[in-house]
Amino acid sequence: MALGFIKKIFTFGKDTAPEQKPEAEVPAVVPDDAAVAPAPVTEEPVVAEERDALLDEAEAANPEAGSHVPDEPEPDIYPLPHAPNVPVAKDPVAPAEMETAGGPSDDVPAEAIEDPAPDEEPDAPSEVLDVAEEPVAPVEDVVEPEESVAPAEEQAVAAATENPVLEEAVSVEPKALPKGFATAESKPVAEVAAPEPKRTWFQRLREGLSRTSSQLTGQITSLFTKRKLDDDTLQDLEDLLIQADLGVETALRITDTLASERYGKDVTGADVSRIMASEITKVLAPVARPLELDLNHKPHVILVVGVNGTGKTTTIGKLAAKLSGAGLKVMLAAGDTFRAAAIEQLKIWAERTGSDIVSSKLGADAAGLAYEAYERAKESKSDVLIIDTAGRLQNKTELMAELEKIVRVLGKLDPDAPHTVLQTLDATTGQNAMNQVEIFRNVAGVSGLIMTKLDGTARGGILVAIAAKHKLPVYFIGVGEGIDDLEPFEAKDFAEAIAGVQA
Ligand SMILES: Nc1nc2c(ncn2[C@@H]2O[C@H](COP(=O)(O)OP(=O)(O)OP(=O)(O)O)[C@@H](O)[C@H]2O)c(=O)[nH]1
């Protein structure tokens, strides 16, 4: 086992092991032990100049972007342990609790950080701007110089060498990706842990989609009761499928196949469900793909976008847990500078998952924060940088312009960055998800999707219509609020759940 890897794992000391419950107060994100506290964030003049020039250039390209935020973000970096085999806490604080626990910062009026409901249009509150324009408070969280970490590191290495349990714990290959990810070189994904009993999440998926499936199968059964398959029943069936959000294209695939097999004959609900499942699987199979990481990039940058409340921050936490659990060094960037609670929430996820985090003040320039995060991730040789963004509605011109600016700034740092632009879709949304994909695809170049909340009262049919139209990869599905409730997307499972076919 490489000594260097052991050192890497224990660089930040076991005092900050991820099992620790986060304190209610925000500073709990930073290790208590002064010996592992982070180094003061100092801005090198050359870097600052380059950044400012780049941001100015990006802003000149689109003056609307970032015009409401201050020029100088003040990123704080919170190096946290990233021991790959240290189990992460199973039951994260529910985000609602997190918001309460973190609470708004004292200097921010409560109304400035109110989370707009998903369907509301979040005007940038003037209070947020006021806060952004206030003199910047001194950096609260300080990074300890690297040298001071050495004794703890040595102790940890010694402990690992003496302790067979620890030694075993650090012996897993750091680059074994979790299920659902792949690298360009090796598409097949190695499973790093025994899979959870499939029943658990699959059952939740089925329950979530049961509203769609039971309604649909009930209507189909009554449609074909004592009726042979003719043009009228086919038309009625097509209407039902379209009402279930499956889209015209897939509805026609299903009715065509049914007609070719059983025209003029008796048809049962089971016949239709079987054909539905089969045709939906054909539509979804090409998009059920692993999230491919190009680890030559260091960092591989994942930008996470989507409408408010679709599950961006939670999904980032779940992804970070999978990646850091597999030994990858992960950095998170709290680019949702619009909402104080979102920053606190991401800090908690960083601590839980042993990821590093870069954050800035509420209302800071998100593109500037993305720039800083990239630089920090590069310096610290992070494998993956995941950037959270403010939830925004697609009709908010200035907010969408800000998102464009983030993409442009990252592109200047690495022409291929962001390497993945992930959009989260809320499965309870229905048809509106289609518009969301169209618009975010144009603005941010969305390269893949994650559908969340499939454990709720989901309306998953729209994912089939989106797959048929956009053919964007669907990497994972969210089936709960917990850290492990993110599953690789499987076309057949999903299709059968929608069609109400028994597994
Ligand atoms: N049941 C369920 N809830 C989820 C899932 N994913 C996220 N949530 C919940 O959805 C709510 C919103 O999630 P967030 O991660 O805060 O969403 P966001 O997109 O970051 O929201 P903004 O910060 O407002 O833009 C939270 O209560 C999450 O716990 C999921 O897969 N299932």
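Glycine residues also receive a Cβ, built from the backbone N, Cα and C atoms like all the rest.
Quick caveat, the model's predicted, so the values are computed rather than measured.
Features reported for this protein in TrEMBL:
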- 56-132: region 'Disordered' (REGION)
- 108-124: compositional bias 'Acidic residues' (COMPBIAS)
- 306-313, 388-392, 452-455: GTP binding site (BINDING)
- 473-486: domain 'SRP54-type proteins GTP-binding' (DOMAIN)
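Feature map: TrEMBL annotations on the structure.
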residue : record           : DSSP (3 states)
GLY306  : GTP binding site : coil
LYS312  : GTP binding site : helix
THR389  : GTP binding site : coil
LEU454  : GTP binding site : coil
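Ranking the binding-site residues GLY306, GLY309 by C-beta neighbours within 10 Å puts GLY306 at the top.
Taken together, the residues of the domain 'SRP54-type proteins GTP-binding' (473-486) have an average pLDDT of 93.
Of all Cβ atoms in the protein chains displayed, 28 besides its own lie within 10 Å of the Cβ of LEU454 (GTP binding site). For THR389 (GTP binding site), the same-chain residues that are 6 or more apart in sequence and have a Cβ closer than 8 Å to its Cβ are LEU303, VAL304, VAL305, LYS312, GLY335, ASP336, ALA366, LEU403, ILE406. Taken through DSSP, the domain 'SRP54-type proteins GTP-binding' (473-486) splits into 0 helix, 6 strand, 8 coil. Around the Cβ of LYS312 (GTP binding site), 27 further Cβ atoms fall within 10 Å across all displayed protein chains.
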